[in-house]
């Protein structure tokens, strides 16, 4: 049996978990890209001055580094989820979500530092809950030892 994921690719169903995670992860990545693009647009509207780049040079450099890590982990996640479903590809996926969210928070901190701190706390609680629930799922069958 096969299903169609959010990016119109057929994926085999073997329990449904890889498909659910791929759909969830694709939705998170779409939201992250829209948020980062929206914040960049907001920065253009709020400050029409070139001095913003010079006063917040470290923040923009940090944003670029986070986006680079986000892109590398996103590509790695896309390759790993299709090849080998399991814990490591999911943690790589959550890591890419982490860096994409941090990139957005760095841009928000340029506009309002206090608001970005509140968002960071809420976002960290959410990410911790997702990773905790993901890593503590009971397995369907106990691990078997190899034959001696």
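Keep in mind that glycine also has a Cβ here, set from the backbone N, Cα and C atoms.
Over in Swiss-Prot, the protein carries these features:
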- 1-25: topological domain 'Cytoplasmic' (TOPO_DOM)
- 47-51: topological domain 'Lumenal' (TOPO_DOM)
- 73-90: topological domain 'Cytoplasmic' (TOPO_DOM)
- 111-116: topological domain 'Lumenal' (TOPO_DOM)
- 134-148: topological domain 'Cytoplasmic' (TOPO_DOM)
- 26-46: transmembrane segment (TRANSMEM)
- 52-72: transmembrane segment (TRANSMEM)
- 91-110: transmembrane segment (TRANSMEM)
- 117-133: transmembrane segment (TRANSMEM)
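Here the topological domain 'Lumenal' (111-116) has, by DSSP, the following mix of helix, strand and coil residues: 5 helix, 0 strand, 1 coil. Each residue in the topological domain 'Lumenal' (47-51) has a pLDDT score, and their mean in this model is 63.
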